[in-house]
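The transmembrane segment annotation in TrEMBL covers 25-47, 67-84, 96-114, 126-146, 153-172, 178-199, 263-285, 297-314, 326-347, 359-383, 395-415, 427-445. Per TrEMBL, the feature domain 'Major facilitator superfamily (MFS) profile' maps to 30-449.
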Amino acid sequence: MASKEGRNMRDPLIQKSSRKNESLWMVYLSTFVAVCGSYVFGCGVGFSSPTQDAIREDLSLSLAEYSVFGSILTFGAMIGAITSGPLSDLLGRKGAMRLSSAICAAGWLAIYLAKGAEALDIGRLATGYGMGVFSYVVPVFISEIAPKNLRGALATLNQVMICGGASVSFIIGTFLTWRALALTGLVPCAILLFGLHLIPESPRWLAKTGHEKDFEVALQKLRGNDADISEEAAEIKEYIETLDRLPKVKFLDLFQRRYLRSVIIGVGLMVVQQFGGINGVAFYASNIFKSAEHISHDRFLCCVLGQVVVTLLITQVIDRAGRKPLLLVAGSGLVLACMIIGLSFYLKVNELAIEFVPLLAVTGILLYIGSFSAGMGAVPWVIMSEIFPVNIKGIAGGFATLVNWFGAWSVSYTFNFLMSWSSYGTFLVYAAVNALGIVFVLKVVPETKGRTLEQIQAAING
């Protein structure tokens, strides 16, 4: 007991001394470079909405051909998700980002130069592939370079930049030609490719692959020349040596008892995030307004920008409040929002209190997007990047990312069918999924704030 109390009394002094000598400018620079990939992701998401009419007119595309162009992005992302883990393990986190950026750049150029549906689809498939890889490797890279007291805030910037890229594309797409908008996607790719030359590789990946000298150099760069990295380096090495004694992991090994809890947490959060209806709301928000007899471009734009602002605010509290409280607050807001939207459609279908339908629809969607941004958008990616041991991170993280993109496609594909079945019933289904998500977070998801990756993974995986 005395030993524990003494250790607790000493911890703040140790942390204060360590932080005093740390210079984190390289961590911030590395994070900025990495989230340029997130911005590319957002550009891809936001491209199709403001360009649909112009592309169809210029290239004489049928609605079916444009639908293929819109949806093929998700299939490219699923392929990228499948390969993201093995790629980042083989090439390193920087190598995977470099390859993804080059493929995205080629995709944007193919879209810009397209004269017909074929080149357009190839370009969209390529950008989707890069997005799938970015969606995994960016949060993983940030979590592996960031100190524990900043890891949540910096990893949340991944979602901020995705929202930012989508918002900027939506806004400037209203007055740029679609070919010019495609060219803007090259800018973050170029910044990323150049910036990768200025930042170190993930120290944990270097340690895992046996580059001991490079590992210490990279860690020293990230913590500052005057920082004492001996304790952190020793913890990382000791944990990786423990993992190296285990047999090489294959996909089916993820379901062994040793790793099963972390896989359930990572994949479960992705299921809750996507099947709670976010892509149905996000991709079809303007149609929802129209169905509720209240279409408004300005309100839709406010929804998009509001998502950026709320996500940005979350970076300020995620390492103080913790991951779990944010997920619970967000989940509660999503359940309430789905019920409000469902009520608006119920009133419309039954011609009851019609004057309240527009207000309820707008309130529900704003609450939904705000609640999603407050936790369910960013936090699952933060936790996913924290919980998997480095020896299974590639396979397990790639699997979780694939589930996320499959969920995105499934919700987008089924949304119109569900709305045809029952407009208010659709949102009651989403409310039920989000309610189950709250139970899942309460019972299964651990709190990870203020702990090193090695401490988190050892606690979860025994």
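Cβ atoms here come from the backbone N, Cα and C positions, even for glycine.
The shown structure was predicted, so the numbers you read here are calculated from the model rather than taken from an experiment.
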Stretch-averaged pLDDT - the domain 'Major facilitator superfamily (MFS) profile' (30-449): 86
Positions whose Cβ lies under 8 angstroms from the transmembrane segment (178-199), at least six residues beyond its ends: 26, 29-30, 32-34, 36-37, 39-40, 43-44, 47, 50-51, 54-55, 58, 94, 97-98, 101-102, 104-105, 108-109, 111-112, 123, 127, 165, 169, 172
Segment-segment contact (the transmembrane segment (96-114); the transmembrane segment (25-47)) at 3 or more Cβ pairs under 8 Å: yes
Surrounding residues of the transmembrane segment (67-84) on its own chain - C-beta under 8 Å, 6+ positions past either end: 44-45, 48, 52, 55, 61, 96, 100, 117, 120-121, 124-137, 394, 397-398, 401-402, 404-406, 408-409, 412-413
Ranked first among 25-47, 263-285, 359-383, 395-415 for CB pairs under 8 angstroms with the transmembrane segment (153-172): 25-47
Sequence-remote partners of the transmembrane segment (126-146) [C-beta within less than 8 Å, at least six residues beyond its ends]: 27, 30-31, 34-35, 37-38, 40-41, 44-45, 72-85, 87-88, 93-94, 96-97, 99-101, 103-104, 106-108, 110-111, 154-155, 157-158, 185, 200, 202-205, 222, 381-382, 384-386, 393, 397-398, 401, 404-405, 453
